[in-house]
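Take a look at the structure set out below.
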Amino acid sequence: MNDVSGIGMTPAARARLIGAGYAAQGLGYAAVVTALPTFKDRQDIDDTFVSVILLVVCVAAAAGSVLADRVAARWGSRYALASGLLLVAAGLAGATVATPNVIFTVILLAYGVGLGAVDASLSMQGVLVQARLGRSVMSRLFAAYTGAAIVAALLMSGVLESGAGASLAVGVAAAYAAVIGLIGWRAFEPGRTERVAVVRAEGGPSVRPVVLICGMLIFTAFLVDSAVSTWSSVYLQDSLAAAASVAPLGYAAYQAAVLVSRLVADHVVPRAGRTALALGALAVCGLGCALVTTLPSIGAAVTGFAIAGIGVGVLVPLAFSAAGEAAAQSSDEVIARVNLFNYGGALVGAVLIGALSEPIGLQAAFLIPVVAVIATLPLARRLRTLAVPARV
């Protein structure tokens, strides 16, 4: 890892600032998701149009992840993160005002590019600062994201209840992202890593096993996450006849479990080891979703979603950490590649389960995450082959 000049900060202080970047991402994303009903009414669009917009944002985010890799290679991941946060801030700010639907779509397209750039560069920065600290901190960084997402949901609830409107909450998220982006322009972790091609030319091995193993862990984790985030409330209300006030509890329990698991996972990794923890996290994800499919009751569903959250909360930071350490010399590029699996998993979790909800019902459709977990277990066992950091 090459260092370049940056302002004088301790690694711990930089870790806190990067944590603020994670919080900005969680605050902004949750603000957008919880504002969708308001945006739908304001823009006079239907569910199909919303689905198209979400697909566009997801594709744009994948492009943003690739862009972050290019920026990181040329100038360093701190500039990829700072510029991504500023683009997110601009997109969020633009979404606060009513515009023609074409312009609204372009605004969210720009937000999606920023979202993907921040997703990738946050993990690049997290791996770099974790290496400087010499201890596991990735789970706590992701906990900042989850905690901020919960804050955004509560903020949105409060402003809607007060009559202030969803735009206020989205605007707060935009301002926060802009502030962190401006501060981080000079203060984020200045370290840089080599390109994969350069390291391979020096005799390093292929990064494909690292990308495949860690990428599939990310794919499965985000498949579960997207399934629960998108369909838990619908399943509780439409399939189990839960009251409208009860339906969101499945997602709330899931997010609470994700937060708790991320707050403690950094302390467990050194004791249990990554391979054992990854296998356990996958098993917990599968158990949670299996409980949802086998016991069609409100209590069992809420409990199952919470159990799944424990596994997802551990799996995502663990996979990025493993990728960054196994390919330490080129971690920026490798993490950008691994991050792309995020969007594939998110699309499958949201779209495939939705497509199966009519022919087989949501209860049976939640078997899809269980199947994904079972398919990923053999790859997770191969994490031990990545235990010794490779040159690529």
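Quick reminder: no glycine exception, Cβ is built from N, Cα and C everywhere.
Feature list (source: TrEMBL):
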DOMAIN    210-392  domain 'Major facilitator superfamily (MFS) profile'
TRANSMEM  17-36  transmembrane segment
TRANSMEM  48-67  transmembrane segment
TRANSMEM  79-97  transmembrane segment
TRANSMEM  103-129  transmembrane segment
TRANSMEM  141-160  transmembrane segment
TRANSMEM  166-188  transmembrane segment
TRANSMEM  209-228  transmembrane segment
TRANSMEM  240-264  transmembrane segment
TRANSMEM  276-295  transmembrane segment
TRANSMEM  301-322  transmembrane segment
TRANSMEM  334-354  transmembrane segment
TRANSMEM  360-380  transmembrane segment
Annotated stretches the transmembrane segment (301-322) and the transmembrane segment (103-129) touching (3 or more Cβ pairs under 8 Å): yes
Contact yes or no, the transmembrane segment (103-129) and the transmembrane segment (240-264), 3+ Cβ pairs under 8 Å, gap 6+: no
Averaged pLDDT, computed only over the residues in the domain 'Major facilitator superfamily (MFS) profile' (210-392): 89
Intrachain residues whose Cβ lies under 8 Å of the transmembrane segment (276-295), provided they are six or more past its termini: 217, 220-221, 224, 227, 235, 265, 268-269, 301, 303-312, 314-315, 318-319, 322, 363-364, 366-367, 369-370, 373-374, 376-377, 380-381, 383
Contact yes or no, the transmembrane segment (166-188) and the transmembrane segment (240-264), 3+ Cβ pairs under 8 Å, gap 6+: no
Surrounding residues of the transmembrane segment (48-67) on its own chain - C-beta under 8 Å, 6+ positions past either end: 36, 40, 80, 84, 101, 105, 108-120, 336, 339-340, 342-343, 346-347, 350
Contact ranking winner - 141-160, 209-228, 334-354, 360-380 against the transmembrane segment (240-264), Cβ under 8 Å: 141-160
